[in-house]
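The block underneath contains the structure these notes are about, expressed in structure tokens.
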Amino acid sequence: MSAEDLEAQEDELLALASIYDADEFRKAESVQGGETRIYLDLPQNFKIFVSGNSNESLQNSGFEYTICFLPPLVLNFELPPDYPSSSPPSFTLSGKWLSPTQLSALCKHLDNLWEEHRGRVVLFAWMQFLKEETLTYLNIVSPFELKMGSQKKVQRRATAQASSSTELGVGGAAAADVDQEETVDERAVQDVESLSSLIQEILDFNQARQTKCFNSKLFLCSICFCEKLGSDCMYFLECKHVYCKACLKDYFEIQIKDGQVKCLNCPEPQCPSVATPGQVKELVEADLFARYDRLLLQSTLDLMADVVYCPRPCCQLPVMQEPGGTMAICSSCNFAFCTLCRLTYHGLSPCKVTAEKLIDLRNEYLQADEATKRFLEQRYGKRVIQKALEEMESKDWLEKNSKSCPCCGTPIQKLDGCNKMTCTGCMQYFCWICMGSLSRANPYRHFTDSESPCFNRLFHAVDINGDMWEDEIEEDDDDEDDDDD
């Protein structure tokens, strides 16, 4: 490495660290490289939707979601010794909501930008392009259709390229032929398992970012007329009127102490919005909330005995249940639940007991009379009651259901997705298969290096439904079959 290249690399990394905060840029510790997260600015009222003929697509089709934020594009890069004088940075570009074909188009444009900047540093130009021009370059408009690319197909392509490179050398004729046939760049990674998980991740990320933005803004409370940060405020879900938590706390406490539990409306005159039980619970003391909950339930039952509340924390709207039945369907979120246990409706099967309620159920059963015991056995099932009596506590849960981060030891549970994991404690990347730490500059090299024990196992042991893949991938398979003929 020449002194000029080393100085240019150090200056560029230092400049990026000063321009972007820690959430957007992180320098690798062991190599000249790092990771950038590109958060795109979306137009107002940007909508996403799903369509298709697979079972998973049909379950989500017909719904449009208005969002303000999308998960970031992640650019992992490593600077070679002769950068920027001769060679470009090696990189991978990953994203959850762009298909492999779209990510490949971005990778190709990054290559073109390097050609334009050859001999000069290019990382800032790459980041600016991804942040400001991605939507325009890919012709993405609202409503935007979410798509999935075939990870199995991508893995087969990576295997073919690796074998071709091994036989003829990197850049050989066979490798060049493979590159010409493929439309998906091996540097493009759509790190999401399925459309259903993709939609949920987008909605969760959008809610988290909206909360973060709300908490960082200043709002004028219409009660005390003081400006306060959003983290010290709360807004009513229906009308979006904002008040400071201190004023709402006093307002709620006075109403609850007076028994006016149905009068927790928005303080704005003539506004019909009502605080949710979750909002009330957040502000008032536990004993006062217990009084509120009891009075609210009692007043509701006095007026209409067949009304229950949706158990979802984000909804909690009143729901009518059918006479003589135990099933109720929320008209707002369409959640079907059992009116006894407040969990997903389970038909004639006994109510399930969560781990948190096992101890309470055991104590209640031991202190109950014979009639109450028979009722509990009928509601939860005798087997569940017996299990609650036998189990004193849920020990060894972490050992059976989680693995420890190789860096900080934080217990991590894998729900779904690929085998490239991120520790929620120290943000270290690691492999779920071998539990080895991964490079921040290029965490996917562990799965693409033919010498690695986890080569081509990014989605190992993940149940992937082949019906969800794009028609363009199926057409590629048909073309390959025709070529074989």
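In case you wondered, yes, glycine gets a Cβ from its N, Cα and C as well.
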Swiss-Prot annotation of motif 'D-box' - which of the ranges 1-9, 37-45, 343-351, 451-459 it falls on:
37-45
Taking DSSP three-state, what's C431 (Zn(2+) 6 binding site) in: helix, strand or coil?
strand
For each of C426, C431, C434, count the other CB atoms within 10 A of its CB; which of these binding-site residues has the top count?
C431
Under DSSP, is H446 (Zn(2+) 6 binding site) part of a helix or a strand, or is it coil?
helix
Roughly how many Å lie between the Cα atoms of C426 (Zn(2+) 5 binding site) and C434 (Zn(2+) 6 binding site), rounded to a whole value?
19
Out of C405, C408, C418, C423, C454, which of these recorded positions shows the lowest number of other CB atoms within 10 Å of its CB?
C408
Hey, for the Zn(2+) 5 site built from C405, C408, C423, C426, who else sits with CB inside 8 A of the CB center?
P406, C407, G409, T410, I412, T424, G425, M427, Q428
